[in-house]
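As recorded in TrEMBL, the features of this protein are as follows:
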- E326: active site (ACT_SITE)
- D409: active site, proton donor (ACT_SITE)
- H325, H329, E405: Zn(2+) binding site (BINDING)
- 36-220: domain 'CAAX prenyl protease 1 N-terminal' (DOMAIN)
- 224-460: domain 'Peptidase M48' (DOMAIN)
- 14-32: transmembrane segment (TRANSMEM)
- 115-139: transmembrane segment (TRANSMEM)
- 166-184: transmembrane segment (TRANSMEM)
- 190-211: transmembrane segment (TRANSMEM)
- 347-369: transmembrane segment (TRANSMEM)
- 375-400: transmembrane segment (TRANSMEM)
Amino acid sequence: MILMLSEMSVESQIFYSVLLFSWIVYTWEAYLASRQRKIYRTTTHVPAELGNIMDAETFEKSRLYQLDKSTFSFWSGLYSEAEGTLILLLGGIPFLWNIAEQMLYRAGFSAEYEIIHSLVFLLLATLFSAFTGLPWSLYNTFVIEERHGFNQQTLGFFFKDAVKKFLVTQCILLPVASLLLYIIKMGGDYFFIYAWLFTLVVSLVLVTIYADYIAPLFDKFTPLPEGDLKESIENMAKSIDFPLTKVYVVEGSKRSSHSNAYFYGFFKNKRIVLFDTLLEDYSPLNKEGTEDTSGNENTELKAKVKNLNKKQGCNNQEVLAVLGHELGHWKLGHTVKNIVISQVNSFLCFFLFAVLIGRKELFAAFGFYNTQPTLIGLMIIFQFIFSPYNEVLSFCLTVLSRRFEFQADAFARNLGKAKDLYSALIKLNKDNLGFPVSDWVFSMWHYSHPPLLERLQALKVDKQN
């Protein structure tokens, strides 16, 4: 293979090297997934060390759920890789660029309107991606998630949500892309600095406005009612100087019974968001005895939970322990460190883009012989040329993330929450049907959070005290 590449033109060497590396990565990922699927298939009984953590029924449910997810991931991954390969081999990118050009000509625009041309191309590309991904998303939601009791969406809700997501994405993507392309084209020799600063500002703005203006378009956010839980959260935040301003509960149960919690905001304006499925006292999945005021959807939702034969969420002390972990990320500077790493990486990538954008052979390798559009250059360099670097960086960030998770657990432990965090992790693993047995190579490469047993072992000594 190496000898064959050496005999090709530079353009062909670039093209087939990109294609070869893509399949190497896919093969590696498929190999890792096959190791983990073997674990799912063969580990049919609760290991001795898990006897006090997980009952046999939940263990079997989680095994079957993860096996279904892994099998689905194999086929969807294979399709995605085959689709990407065919797009490259058949010249799909220049083909779509030409379609966008023809649409512009019919609208009365000439070839010099490159930014408008690029926006039409982006719109067509995202439409293509949405339609080809739709069958996979439907199967995942209404077959796999439905089969295992997690899906709470109706078909109408799903399509309404998908259309809304597409429109919101376009409303953000197209203006940002047009401004970025303008900066790159007009920024002179130091355009990469201006482009980096622009993306930095955009990312900070999006993080700031997401929970207040974007997320409420999809889910209902309500302030956490006054009571013991809110008072305890505020006291804990005050004890570590976390500048908490508001606590919200998001109605995640309309979409899925999976649970989560996060915080957002900058400087002195921090806010905490709790999924209703995380809260034992608020989750509608537990309120089977209350009057049904929301029609058939709520009745069906309760029936699914009843079939699962479990109580959803954590009690107040366990919620506080989970938040102690999350606030540990802030107190220990993990959020700032992640932002710094992200921005250093972004600056480096824009700098290298500035070095490479003038290489015509990069464009020719992907079918652009007579023109070098800036947007296509961004796609080629960031998505294809940087792919080996991106794989290495992703692995390093995964390792760092696991280290941060252990540190955040230790922070919650030092707040005196070891016992409650221990029980919360078990409950959350059960609620989300996480399988607690992992292949070590798969875990090392993929898990941004440490395996459950490792986290419990780190908390166990303090729990027993």
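Cβ coordinates come from backbone N, Cα and C, glycine included.
Annotated features, which come from TrEMBL, shown on the structure.
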residue	record	CB count, 10 Å
H325	Zn(2+) binding site	24
E326	active site	17
H329	Zn(2+) binding site	20
E405	Zn(2+) binding site	21
D409	active site, proton donor	26
Candidates 14-32, 115-139, 166-184, 190-211; stretch with most C-beta pairs under 8 Å toward the transmembrane segment (375-400): 14-32
Proximal residue to D409 (active site, proton donor) among recorded positions H325, E326, H329 (C-alpha distance): H325
Intrachain residues whose Cβ lies under 8 Å of the transmembrane segment (14-32), provided they are six or more past its termini: 1, 5, 8, 74, 77-78, 81, 84-85, 88-89, 361-362, 365-366, 384-385, 387-388, 391, 439, 441-442, 445-446
Confidence summary for the domain 'CAAX prenyl protease 1 N-terminal' (36-220), mean pLDDT rounded: 92
Long-range Cβ neighbours of the transmembrane segment (115-139) (under 8 Å; 6 or more residues past either end): 72, 76, 79, 83, 96-97, 99-101, 103-104, 109, 158, 162, 166, 169-170, 173-174, 177-178, 181-182, 185, 373-375
Additional residues surrounding Zn(2+), by Cβ distance to the H325, H329, E405 centre under 8 Å: E326, G328, H334, F404, Q407, A408, D409, F411, A412
Rounded Cα separation (Å) that holds between E405 (Zn(2+) binding site) and E326 (active site): 9
